[in-house]
Amino acid sequence: MTTAILKKPTEPTAARKPNRSFVHGLITNKKALVGMIVMLVFIALALLAPVLFPGDPSRITAMASLEPSPEHWLGTTAKGQDVLALTVHGSRSSLFVGLIVGFGSTFIGILVGLASAYFGKFIDEALSLVTNVFLLLPGLPLLVILAAFLPPGLGTVILVLVVTGWAGSARVLRSQALSIRSKDFVAAAVVSGERAGRIMFREILPNMASIVMGTLLGCVIYGIGAQAGLEFLGLGDVSTVSWGNNLFWAGNEGALLTGSWWVFVPSGVCIALVAFALALINYAVDEVTNPRLRKIKTPKNTERSAAK
Amino acid sequence: MRFILRRLGFYLIAFWASITLNFLLPRFMPGDPVSRMFARTQGKMQPEQIEALRKMLGVDTRPLWEQYVDYMHNILTGQMGVSISRFPTPVTEVIASQIGWTLLLGGTALVFAAIIGNLLGILAAWRRGGAIDSALPPLLIFIGSFPYFWLAMGALYLFGVVLGWFPIRHAFTDGLEPAFTWEFIGDVGAHLVLPALTIVLVSIGGWMLGMRNTMIATNAEDYITMAEAKGLRPGRIMLRYAARNAMLPSVTSFGMSLGFVVGGAMLTEVVFAYPGVGYQLLNAVQGLDYPLMQGLFLTITAAVLLANFLVDILYVRLDPRVRSN
């Protein structure tokens, strides 16, 4: 979808221009702006959580199942914990795991994708096969079975999420790297005797920066959502405070049936807001780099060639 | 034909990989699952059943490759051992009694989401900048950002507990005898509404945006201009000329999204206590029922692979380029 930025990378002026307009486009893009503001708010909350709500958020501070009130803005759980403190503290683990999983799976995706595209032949066949197998295996059941067999803990959660999450990014990055691999400047680098690692990371990788960013955002969204799902099933690290665990306890303590909507709404809304903000930034990156998706005045243009 | 054979080979490799994963996991995990399970069944197990379990889960002194050959043989002949949490029912029987519900839930949700999503995508691309195109995508992305299970919880709370419009648990009312009567089918339908609605809501956005973006590319093709020049009715151009050619990526994602739907259905099933394989898988995990866990994982994988293979065959029918290759 984002091949447009690479249409004329061989002309030096054209190669530099998209970069500047990329940052500019992202800042002036309304979607990106909204997304970035929401993300900044959540990151600030996560960092400030120990200041805003000092002490252990899961300690019991009040009567059980209180409705939202001035003392407890979001009410209390069936155990008597403050929901707002749990939610704010939950952002730390959720964002942390999401970011680690996002960077981890994007990193593996870059390695596999670049190696596939650069070396080609047998290595490409083998890596693509592994990638496609991982893509096809149903993610959540695989997650569950891995989490069930490995010793519980935060490390397991991260490991399992990276194992199930890297394949998608590897596939996208491979196809992008393939199209750059066939460009003249890569051939020139090969002829001039540059080492494989240098060509992969210094020549090819910088030219697919925008798609790497899109993949990274997608992986972070996946990480946050999958962690929440895993924890909701009770397969995460139950001792930490996170959005997924908050929902797990809400379900376990029967918040739905007793009508304590304030216990399960905040954490879910937070997950959705973060995922939505990241998705907005992602779509904005797509729009900025793929002119076809931008709003245009005349709905039909005569240019042919399939995008995608 | 070569295409089909290649794909078939690929699916076989994928299936082999998941069997091997199943084989290796318990063998490299710290601790002894058999004694944990043995403690749970409180001595109801027969010595030979314990022996079989030990073999299956790798508490075995034989060389690894010998165990592996044995394991493969057992799986391929359908011997997946006995379930621990539902002792002494064989794993295959437990799965057989539950897979139908998941197929019903996942299938219904997938078909509805795909049809509605694609139609919306067609309309959005056709009237670019119109009401559907500008209002729906952000809304659907936002809804799609919610975790499956959270939307399920919300739907259960709102429509099940507060409004009481739909039943909140299980696939049919307790005590009702499963039969092909209108009463029973209606009851199953009512129980299906909320779980299916959640999955549809979450997945519809992806369908719509995918279709919209392909369709925008298709709309720029010359044959669309040609069709307009010929004076064909807009509806005909939209559906028979543009949408028809933009369908192919959607068919591919139909296969791809099956895995996601199974995962989503799993979480939804847990929220609604819907008696499908996902709910059972969680129960198996909680009950340390390793044989059932492995059997369920293999079954789900096999189902997803099979469905993808069927989509491939369909693809060959739809895209002549694949055939000539």
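The backbone N, Cα and C atoms fix where each Cβ goes, glycine too.
Features reported for this protein in TrEMBL:
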- B:99-315: domain 'ABC transmembrane type-1' (DOMAIN)
- B:9-29: transmembrane segment (TRANSMEM)
- B:99-126: transmembrane segment (TRANSMEM)
- B:138-168: transmembrane segment (TRANSMEM)
- B:188-209: transmembrane segment (TRANSMEM)
- B:246-274: transmembrane segment (TRANSMEM)
- B:294-316: transmembrane segment (TRANSMEM)
Residues of the parent chain within Cβ reach of the transmembrane segment (B:9-29), under 8 Å, 6 or more residues beyond its termini:
57-58, 64, 67-68, 71-72, 75, 290, 294, 297-298, 301-302, 305-306, 308-309
Out of B:99-126, B:138-168, B:246-274, B:294-316, what stretch is closest in contact terms to the transmembrane segment (B:188-209), meaning most Cβ pairs under 8 angstroms?
B:99-126
Kindly say whether the transmembrane segment (B:138-168) and the transmembrane segment (B:99-126) touch, using the definition of 3 or more Cβ pairs under 8 Å where each pair is 6 or more positions apart.
no
Mind checking which residues of the chain, 6+ beyond the ends of the transmembrane segment (B:99-126), have their Cβ under 8 Å from one of its Cβ atoms?
132-133, 136-137, 171, 188, 192, 195-196, 199-200, 203-213, 215-216, 219, 234, 238-239, 242-243, 246-247, 250, 254, 257-258, 261-262, 264-265, 268-269, 274-278, 299, 303
